[in-house]
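Notes follow the structure.
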Amino acid sequence: MGRFIFVSFGLLVVFLSLRGTGAGFCCPLRWSSYEGHCYLVVKEKKTWDDAEKFCTEQRKGGHLVSVHSREEADFLVHLAYPILDLSLIWMGLSNMWNDCKREWSDGTKLDFKAWAKTSDCLIGKTDGDNQWLNMDCSKKHYFVCKFKL
């Protein structure tokens with residue numbers, strides 16, 4: 001019996017020590033994984049700034065979602081639609097025309113675009129057409145957070 005407890009304790013220590021290293025490549029509870037990143041659909045409306053702050057507080061490296069391919073955009077729609085139905089979600093671009101900024105809030109390059117119009121802050125539609133629209137940053141919308149595993 002003592003040996004069983006010792007082995008069980010040892011396995012628990014190993015599991016806990018590996019948990020923070022990315023060894024399991026698993027996303028936290030309520031987060032979904034895609035291509036080495038974790039995504040969280042948040043069904044609480046916030047301004048762009050408050051949504052970005054919320055995402056950065058959830059996980060180290062967390063930000064509003066950045067999208068780098070049509071496949072990732074499709075994944076995002078399939079993830080968000082069942083939770084948010086036909087909604088608009090904040091994405092990680094803001095003040096891009098005022099500051100001539102061409103990167104996502106997570107610092108990654110803007111290498112995939114699906115513009116509908118120019119904007120101060122960027123929202124995406126969850127209805128499957130993957131269009132991005134302009135929106136006043138002070139409006140409140142649902143959002144998706146993302147971080148790299």
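Even glycines carry a Cβ here, placed using N, Cα and C.
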### Message
Taking Swiss-Prot as the reference, Cys38 is linked by a disulphide to which residue in Cys26, Cys27?
### Response
Cys27
### Query
Which of Cys100, Cys121 is the other half of the disulfide bond that Swiss-Prot records for Cys137?
Cys121
### Task
Choose one of Cys55, Cys100: the cysteine that Swiss-Prot connects to Cys145 by a disulfide bond.
Cys55
### Summary
DSSP composition of the domain 'C-type lectin' (34-146), residue counts helix/strand/coil, works out to 26 helix, 38 strand, 49 coil
### Task
Measuring Cα to Cα, tell me the gap between Cys137 (disulfide bond) and Cys55 (disulfide bond) in whole angstrom.
16
